[in-house]
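Some notes on the structure that comes next.
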Amino acid sequence: MSKSKDDAPHELESQFILRLPPEYASTVRRAVQSGHVNLKDRLTIELHPDGRHGIVRVDRVPLASKLVDLPCVMESLKTIDKKTFYKTADICQMLVSTVDGDLYPPVEEPVASTDPKASKKKDKDKEKKFIWNHGITLPLKNVRKRRFRKTAKKKYIESPDVEKEVKRLLSTDAEAVSTRWEIIAEDETKEAENQGLDISSPGMSGHRQGHDSLEHDELREIFNDLSSSSEDEDETQHQDEEDINIIDTEEDLERQLQDKLNESDEQHQENEGTNQLVMGIQKQIDNMKGKLQETQDRAKRQEDLIMKVENLALKNRFQAVLDELKQKEDREKEQLSSLQEELESLLEK
């Protein structure tokens, strides 16, 4: 297709939101919906040179207005048949009109400043006056503060106190008359303590020798007593052997009884482990039944919704969702049957 030279290029629309007091907003809304030709005479917008203030006249009633920046960009849509919508522009500003306000606010005279930081800060403060903290609906009140909070900056940790303490210690060391240092190893101290326990002093040797002679006399008396009582022990030796045989049989019985108790404990532990496994599988089966019931309910609601919808595209979309639910239902049924088979095999054991 050839494009004629007379065709003008398409221009992008520049749009903003106009917010009026309730009584004037209803008047403008009725005039727009009625489609009067004289709408330009009833509604006029005039902006001042600063680009932030202006005057909006509704039926020749002047309203003070201020152009503010919205928290985020919104899309503007246009429709002709109320079915198909077309995007026309991105909106980021709103003209707020009030009854009580200065129609002609005082003009701020620029002040020449040599400091670039001060001038930059002043421009930033000036822009803050025209920042709108709220959205265009009630739930979005203070949305700029709630959604766009300032992030905490990473602060580098400085340690001036530590450096000051190190300098103080170094200065005191330099002023000292003399210094002495000693390295103590933990292993060496332990060895010295062990050696100190084994080595005795020479002053104690005489006392140790006298003590050994007394112990020798006591041992001689004990051996004499033992030799005199050896005959009595021979008489009672036969009786002790019989007692030992009786004790051995009792120990064998106790050992057998202990083995049986251990076997019963092991069997009891195996039964407890099986019971816990059965309870775990039963819990999984109950959960899977709940999920399966929920999936079936969702599929039933989706089928009812498909029956009510007449739009073909929407019906196809709902049908795709229903197919996914059916596949999910089949998978859950397979999982449930496998869990039930596993539970039956455990119960048979």
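First residue shown is number 1, and so on along the chain.
Cβ atoms here come from the backbone N, Cα and C positions, even for glycine.
Considering Ser113, Ser200, Ser227, Ser338, the record held by Swiss-Prot lists Ser200, annotated as phosphoserine. Looking up Ser213, Ser230 in Swiss-Prot, the residue bearing an annotation of phosphoserine is Ser213. Region 'Disordered' is the annotation Swiss-Prot gives to one range among 284-305, 328-349, and that range is 328-349.
Record note: of Ser76, Ser97, Ser171, Ser178, Swiss-Prot gives the feature phosphoserine to Ser171, with no matching annotation on the rest. Your range for region 'Disordered', going by Swiss-Prot and the list 105-126, 259-280, is 105-126. Mean pLDDT of the predicted structure over the coiled coil (244-349): 79. Helix, strand and coil residue tallies for the region 'Disordered' (328-349), in that order: 21 helix, 0 strand, 1 coil [DSSP].
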